[in-house]
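A.B. asks: My questions all concern the structure below.
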């Protein structure tokens, strides 16, 4: 983040740190108005940008740009700070996503979202479950940018069609159509049966044991017959440039990666990644990769293995530190 827009401490300057904690939803005075309103909605703003863009780095850039716009706007002209901020984040994210699509078409190998270490929040578990999982972020990539924006605002954060119409400057009837289309698209592609936390913990434990023991048969037992693995190295590090299919191929490839000299000293450890239990590749104090997976009918059906170093910033800190 730009230090000129992120004062390091206290209230010595008029503009306070936009990433400190705040608890006031309203503009109170000229000393605190900028940061207080921004901070109150920061989690919502980051969550919107991250779900729309799929990368921590881009989401942070969008928040920086939103903060600068909020810092400069005449607050007397802003009746509802939350609406102004969400509108700004949404439209900045839309612009970024539209331009990113062209770049992703020329991406080396599979493009996967940037993983994010998250802290379980019981109060949000039922409301926000699965909205930030790797499976969901990958699925959202199949929507158009506008469909993705509408889906995130409506299905994740519960904004009304009328509110979203205001954010996007489109008729409410159009937003309703887009919302219906996006929701139908997502629902038709989601797994019919989701695993519970106990099942995920058990599979993760067995996955760790098989990987650390180099037991290919034990690892294959955890994989569905039609298992698919995607590996994102972005052309920066060695990675599989095409999806891998089948339990034998996937299991042997995973164990082969862990056995390479370049992986010497690395180990896997369980962690909550994108609100689901997954695995980190750890080498010393550096988290060099993330393995997330979708479980269907008691077996791992899809695996996403992120090792692109440009997409590992979110692994080095928790969501609360973004």
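We count from 1, first residue shown onward.
Backbone N, Cα and C atoms are what each Cβ position is placed from, and that goes for glycine too.
Pulled from TrEMBL, these are the listed features:
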COMPBIAS  8-17  compositional bias 'Basic and acidic residues'
COMPBIAS  22-31  compositional bias 'Acidic residues'
DOMAIN    39-101  domain 'RNA polymerase sigma-70 region 2'
DOMAIN    136-185  domain 'RNA polymerase sigma factor 70 region 4 type 2'
REGION    1-31  region 'Disordered'
A.B. asks: Please work out the helix, strand and coil residue numbers for the domain 'RNA polymerase sigma factor 70 region 4 type 2' (136-185) from the DSSP assignment.
C.D. replies: 39 helix, 0 strand, 11 coil
A.B. asks: In the domain 'RNA polymerase sigma-70 region 2' (39-101), how many residues does DSSP assign to helix, to strand and to coil?
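C.D. replies: DSSP classes over the domain 'RNA polymerase sigma-70 region 2' (39-101) add up to 55 helix, 0 strand, 8 coil.
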A.B. asks: I'm checking region-level scores; what's the whole-number mean pLDDT for the domain 'RNA polymerase sigma factor 70 region 4 type 2' (136-185)?
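C.D. replies: Taking every residue in the domain 'RNA polymerase sigma factor 70 region 4 type 2' (136-185) and averaging pLDDT yields 97.
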